[in-house]
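*Asks:* Pasting a structure here, questions to come.
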Amino acid sequence: MAYPGSPILMKLLVFIFLSTFVVTNVSSETKCREFKSIISFGDSIADTGNLLGLSDPKDLPHMAFPPYGENFFHHPTGRFSNGRLIIDFIAEFLGLPLVPPFYGSHNANFEKGVNFAVGGATALERSFLEDRGIHFPYTNVSLGVQLNSFKESLPSICGSPSDCRDMIENALILMGEIGGNDYNYAFFVDKGIEEIKELMPLVITTISSAITELIGMGGRTFLVPGEFPVGCSVLYLTSHQTSNMEEYDPLTGCLKWLNKFGENHGEQLRAELNRLQKLYPHVNIIYADYYNALFHLYQEPAKFGFMNRPLSACCGAGGPYNYTVGRKCGTDIVESCDDPSKYVAWDGVHMTEAAYRLMAEGILNGPYAIPPFDWSCRSSGVKNSGSSDT
């Protein structure tokens, strides 16, 4: 037993005092922060031009051509939309420049942001997927490749190790969306749903490992998105069209079984993020509920200014969902709608700027960030872009 005034008791009291101070200090820092930059990883949902930068100039991908980028930028930028993406609206909210792509950039300034997200990227390594008969032509840039590019580029981005750690500590690190293409490519080669489900824990472990590595490098705040409700995807609604009406949600017209798959991914990802949060209490790990942020637009399209056919693509080529497999937006045989701001879906796979703006608002101002961001030390909110031509 320790008695009053004894050295053991004094040491115990000092330890308790310091422990309380440390916990309090960490908690106050993670409530509201002024981010100095954005570091982004992921796929086409966050790609601001990386796939374009990696492409052969003689064989450019379809999003390198109009009508991609026609609103806001007024020319293609390598983004898979008619305008800005969620990451762009986050940057605007934080008062930061739009995050430049890393790959193919020349003399770009990455001091306030750098983006490694590549259209078509997977969480798992290409060789791992190909060994399981899952082949894809788009890119060999996995999450691991992106992370390695980031580590190798640090001396040129931020200089000394101490400066780099400071940059990473004060950055909002956007981890995706990533993993959706792992599932997409498996569906595209007709893998069964049970076999595709086996990829889920592997995808989530890969995301978790990347977050853990970035925490070791100084990462303090992570925004980790879940998947879209793929049962509402124009591509999947077209490729998995069925006469069995019981497979469709009567309110939205989305495929219930595919949406359940997306929900399962989100549940497993959130459980893993909760585990990481307990392991690293000094870090702020925020789940971005892309699933419900987008699904809400399908549930009540008129409320958000969309037309009453939200499952129809703006840039498409006929059919019940204005989408034909193999006929891509950005080619001469596909036309764009007159007013993309009235559409949720852009090209059958990706969303319009109008949809992305609303999703960003739901993440930044609630209710689709878990736990929610605390902006009490800030005076500004998401800027309403109004017209997508502004």
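We number each residue from 1, going along the chain as drawn.
Here the Cβ of each residue, glycine as well, is placed from N, Cα and C on the backbone.
What Swiss-Prot records for this protein is below:
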- 1-28: signal peptide (SIGNAL)
- SER44: active site, nucleophile (ACT_SITE)
- ASN140: N-linked glycosylation site (CARBOHYD)
- ASN322: N-linked glycosylation site (CARBOHYD)
- ASP347: active site (ACT_SITE)
- HIS350: active site (ACT_SITE)
*Asks:* Tell me, in order along the sequence, which active-site residues from SER44, ASP347, HIS350 have their CA within 10 Å of ASN322 (N-linked glycosylation site).
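*Replies:* For ASN322 (N-linked glycosylation site), the active-site residues whose Cα atoms are within 10 Å come to ASP347.
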*Asks:* Taking ASN140, ASN322 as the glycosylation sites to compare, which has the smallest set of other Cβ atoms within 10 Å?
*Replies:* ASN140
*Asks:* My understanding is the cutoff is Cβ-Cβ under 8 Å with a sequence separation of 6 or more in the same chain; which residues meet that for SER44 (active site, nucleophile)?
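*Replies:* Listed in sequence order: LEU51, PHE80, ALA117, VAL118, GLY119, GLY120, ALA121, VAL349, HIS350.
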*Asks:* Can you name the residues of this chain that are 6 or more positions from ASP347 (active site) yet have a C-beta less than 8 Å from its C-beta?
*Replies:* PHE80, SER81, ALA313, CYS314, CYS315, GLY316, LYS328, CYS329, GLY330
*Asks:* Within 10 Å of the Cβ of HIS350 (active site), how many other Cβ atoms can you find? Include all protein chains, please.
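*Replies:* The answer is 27 other Cβ atoms.
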